[in-house]
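Step one of this worksheet: look at the structure below.
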Amino acid sequence: MDPKNVKSELVLILDYGSQYTHLITRRIRSLSVFSLCLSGTSPLSAITDLNPSVVILSGGPHSVHTPDSPSFPDGFLPWAQSNGVVVLGICYGLQLLVQRLGGEVRVGHKQEYGRMEIIVEKSSALFGSDKVGQRQVVWMSHGDEAATLPPGFHVVARSDQGAVAVIENPSAKFYGLQYHPEVTHTQEGMEMLRRFLFDVCGVEAGWKMEDIMEEEIKVIRDTVGSDEHVICALSGGVDSTVAATLVHKAIGDRLHCVFVDNGLLRYKERERVMETFEKDLHLPVVCVDASNQFLTKLKGVTDPEMKRKIIGKEFICIFDDFALALEKKIGKKPSYLVQGTLYPDVIESCPPPGSGRTHSHTIKSHHNVGGLPKDMKLKLIEPLKLLFKDEVRELGKILHVPEAFLKRHPFPGPGLAVRVLGDVTEGNALEILRQVDEIFIQSIKDAGLYDSIWQAFAVFLPVRSVGVQGDQRTHSHVVALRAVTSQDGMTADWYYFEHKFLDDVARKICNGVRGVNRVVQDITSKPPSTIEWE
């Protein structure tokens, strides 16, 4: 997908390291406006090439007083003014705007974190004239504050403690918020973003999934030559399935799908997924059983990062072998590999601005954004790489992927390897985990809770506990249950089960799975944890 060809005005977010930056992107898209995230330290040409209508400077953990604090490139503000681009600074972005325009930012007398109230002091298109004198609950997270505003700016709202909360210079089209409108804790945050985009910036809502589908089909056809063939790695998840369906719509039978049983699948996953591919989706899929190959390479490996790297490398080896076999069959060498990379994969694999690192965090290293070998023979096609998970599901509906399949909970690329802590080949950890996971998920479905949960699964812990089963003392395994709610997978809250449900599930597991005598529940959100355990 080429951002320049999207039938919508672009809102560009310059990322300065805030944990909420991705939420700004997502909230804007929910208003049917196309938004993208770019490193805040990108060169000016990278910004101007995208031709945004609006630029938002995100928050971040930095202070503008430190010499190595990240900033937008020289020439950015003059370019924005000369081209009528509206600029909004959020938190650190506000402070950056104030400092670079000649104002003063100082360490706050009282640092402000968490829920706080602000008071609207002046009529502004950001709030509306009827809001003057009213209070709003917002989410603050700052130690520095604007002390002296640049020429042309005035204060629109202040915090209860008197700190500058909202500023504007309408003639220059520069605005600033010291709080985060993108988080749900800011009660009128979405209304603020709506007013800013439509009333202040005059942006028109034009982000439609039908347009994205048409554009992506065109891009695929332009990329893949009329006589070239493509391989798609199907995992059985929503992302790769929607990607395959989209590519199949674009190039037809020149798409060749392969489903790899790596020995790390869930209970009866292979049989269930292949049946869906063949009967419901009518995709041409070859199943490759490579379980021994993967488990042999993983034997003795306990480091999570090493496990992901090994799995990623083995997948590519299999795809290369599949491509060679396909070449012999059709007399033409496949040129491309389709993967279901999503925008969160891309975002989470970018180095945080101001970190001093040129390489990404290894959050998604099993994925193509971080884990593919440099000598890979196949070129990548990633038709979903600018979409969030819920957007992929919306696209899948348009492509007539069965709704029951679209509602499936996400399953990680490395499979159960990231749900067995430690060596996945040790003992019967995989078999125990499959049985526990099946009981947990089926119980959720039976209770009518499956569609209310973003993702649920079991985890095999590398510890044993003492128990009593069948009037005998046991020293058996501990498993954990994890269930979260989320919109896009970037943030998540743990799901609140009724005690009766948890009691029933724990009894079923301990009575039905040999080798387990203790069940615990993971009740941490993302952040600070991730959704998966490894």
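Cβ from N, Cα, C; glycine included.
Per TrEMBL, domain 'GMPS ATP-PPase' is recorded for 207-408.
On its own chain, D239 (ATP binding site) has G340, T341, L342, L384, K389, V392, P410 as residues at least 6 apart in sequence with a Cβ closer than 8 Å to its own Cβ. Annotation comment: TrEMBL describes S235, G236, G237, V238, D239, S240, T241 as ATP binding site.
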Message = For the binding-site residues listed here (S235, S240, T241), tell me which residue's CB has the most neighbouring CB atoms inside 10 Å.
response = T241
Ask   = Given the binding-site residues G236, G237, which one's Cβ is surrounded by the fewest other Cβ atoms within 10 Å?
value = G237
Ask   = What is the total of other Cβ atoms whose distance to the Cβ of V238 (ATP binding site) is within 10 Å?
value = 24
Task = Starting from the ATP site formed by S235, G236, G237, V238, D239, S240, T241, give every other residue of that chain whose CB sits within 8 Å of the mean position of their CB atoms, in sequence order.
result = L234, V242, A243, G340, F411
